[in-house]
């Protein structure tokens, strides 16, 4: 397992304790010897072109698969003998959850104006796709744009902002064990996304309550408030449709067909996005050191195997996405290959199996602090040493 060739794992001589001693080469935190313009010149020009037809084909493909899974479940599952249904339903939930996560990714693509050349069309499609997954489209689009503008800044980044060692809750040390870690991971995966939207959990610090559903939240400016009302209205419409379905089909039917897959979407969104920004080799910066390019490079591409394609390469092309966020997802792999020779050690790739990476980062990335005796006091690294 490695991080772009920069992670080495010492042999494990204690099989009983199964402890690993890692020597991780960190991503450089000094100003890079290249510019954003030089990176752009290295990328084929067609990678920046957005094709409405091609983008829309992914929407049709994902929604068609989702409908096929739905049709199979509602048409045939009730005909199966009881023991088989206990297998069929979890398979449906997994498949449907993965495809709906792909739909979530396409909505996110619309929010970056990476879907087509038409802003209004991108927003219309993104609003429909995200609202169907109970995501307030414009609310998330705006906060996510600020995340891209301030990534890896301890003061201004919008999400996955690590705590300083001095600011971690008193109970954190008591959760720093396998049972506590497992409990925290399960809660984070399945309710972390709605908690972020509703209560700004893991988000940037504000001096008052921040919520993605509140048009007067400190997250938004006066000129953005109308968009928040539109997002809320669409969430209300989606919730009303779900209510009518529950009344017609029953709550249990709705939970099986839609509710559980939506939980899977929540878990996958948190898994993908948290692992894109959490790694012991990645720096964070305070205002004395931060700049946009170094912040944009403080992210990691990971390998999800066949799921890279299923999730439209949101998993293994996140570095290029932060550098050129309006680039369509279907050009991300080619563009990444083009700039890797220039990025050198500034590019981080980790092919650690995802379940292993989740557990490792939950164990090792508890808070950030500067290195002792380091003159770069504005550069912070993940640690778990209380």
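Cβ coordinates come from backbone N, Cα and C, glycine included.
Per Swiss-Prot, the feature region 'Disordered' maps to 1-28.
The annotation motif 'Histidine box-1' is assigned in Swiss-Prot to 108-112. Below 8 angstroms of C-beta separation, residues 55, 122-123, 125-126, 129-130, 137, 140-141, 144-145, 312, 314, 325-326, 328-329 of the same chain, each at least six residues beyond the ends of the motif 'Histidine box-1' (108-112), sit close to that stretch.
Same-chain residues lying 6 or more positions outside the motif 'Histidine box-2' (144-148) and placing a CB less than 8 Å from one of its CB atoms are 108, 111, 156-159, 219, 296, 322, 325. The annotation motif 'Histidine box-2' is assigned in Swiss-Prot to 144-148 on the grounds of a curator's inference.
Taken residue by residue, the motif 'Histidine box-3' (318-322) breaks down under DSSP into 5 helix, 0 strand, 0 coil. Taken from Swiss-Prot, the feature motif 'Histidine box-3' covers 318-322, and the record attributes it to a curator's inference.
The transmembrane segment feature in Swiss-Prot is assigned to 65-85 (among others). Away from its own ends, the transmembrane segment (65-85) comes close to residues 92, 95-96, 99-100, 103, 256-257 of its chain (Cβ-Cβ under 8 Å, at least six residues beyond either end).
According to Swiss-Prot, the feature transmembrane segment maps to 87-107 (among others), an assignment based on sequence analysis.
If you look up Swiss-Prot, you'll see 182-202 (among others) marked as transmembrane segment.
Residues 127-128, 131-132, 134, 136-140, 142, 212-215, 217, 220, 254, 258 of the same chain sit 6 or more residues outside the transmembrane segment (228-248) yet have a Cβ under 8 Å from a Cβ within it. The transmembrane segment feature in Swiss-Prot is assigned to 228-248 (among others); the stated evidence is sequence analysis.
Among the features that Swiss-Prot reports, transmembrane segment is placed at 250-270 (among others), with the record citing sequence analysis.
Same-chain residues lying 6 or more positions outside the transmembrane segment (87-107) and placing a CB less than 8 Å from one of its CB atoms are 55, 58-59, 62-63, 65-66, 69-70, 72-73, 77, 80, 115, 125-126, 129-130, 132-133, 135, 137, 256, 260-265, 267-269, 272, 307, 310-312, 314, 329.
Residue counts of the motif 'Histidine box-2' (144-148) by helix, strand and coil are 5 helix, 0 strand, 0 coil (DSSP-based). Applying DSSP to the motif 'Histidine box-1' (108-112) sorts its residues as follows: 4 helix, 0 strand, 1 coil.
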